[in-house]
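S.K.: One structure coming up, written as structure tokens, with questions to follow.
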Amino acid sequence: MALCARAALLLGVLQVLALLGAAQDPTDAQGSASGNHSVLTSNINITENTNQTMSVVSNQTSEMQSTAKPSVLPKTTTLITVKPATIVKISTPGVLPHVTPTASKSTPNASASPNSTHTSASMTTPAHSSLLTTVTVSATTHPTKGKGSKFDAGSFVGGIVLTLGVLSILYIGCKMYYSRRGIRYRSIDEHDAII
């Protein structure tokens, strides 16, 4: 749930920054000064270190008709490390959008590793004809391949030598202890003797 809130907050911050950038840049990508323009506000890719990738993409276009010089907002790409979540909800305040969720799970591609699985979910929210918000969440799992068990002869011989060394030190130590202690004979009392 916290991931959903962070994704929505990040999307809102990027939209505000994109609108501020539009107010400062006097020309658009074609260099024209007026007319109808589509504006791309943000493109967010969220990548996790555990080989699971989540992508949240928001393509928001709006129509501008004015005599002032409109500008195209810069395409922004941000990489953030997050924990994976299964549900993403984004709501537009003041507008009740029609939501069309789709989900797909595909088998591994030829370009992907043979054991990877790619799962994606997409949600399109058309609120007005000039506003389109798309949220895509996809997770790719790449299983880690272990090196496997490999016999190392050096470690085997080293372990045997180490064990024999420790045993020999213990044996020599015990021999020295008993030799220094000396032999203690006990005299047999007459009541201990068996006659």
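Glycine residues also receive a Cβ, built from the backbone N, Cα and C atoms like all the rest.
Per Swiss-Prot, the features are:
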TOPO_DOM  24-152  topological domain 'Extracellular'
CARBOHYD  N36  N-linked glycosylation site
CARBOHYD  N45  N-linked glycosylation site
CARBOHYD  N51  N-linked glycosylation site
CARBOHYD  N59  N-linked glycosylation site
COMPBIAS  101-126  compositional bias 'Polar residues'
CARBOHYD  N109  N-linked glycosylation site
CARBOHYD  N115  N-linked glycosylation site
TOPO_DOM  174-195  topological domain 'Cytoplasmic'
S.K.: Using DSSP, how many residues of the topological domain 'Cytoplasmic' (174-195) fall into helix, strand and coil, respectively?
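M.R.: Result for the topological domain 'Cytoplasmic' (174-195), in helix, strand, coil order: 8 helix, 0 strand, 14 coil.
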S.K.: In the predicted model, what is the mean pLDDT computed over the topological domain 'Extracellular' (24-152)?
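M.R.: Result for the topological domain 'Extracellular' (24-152): average pLDDT 53.
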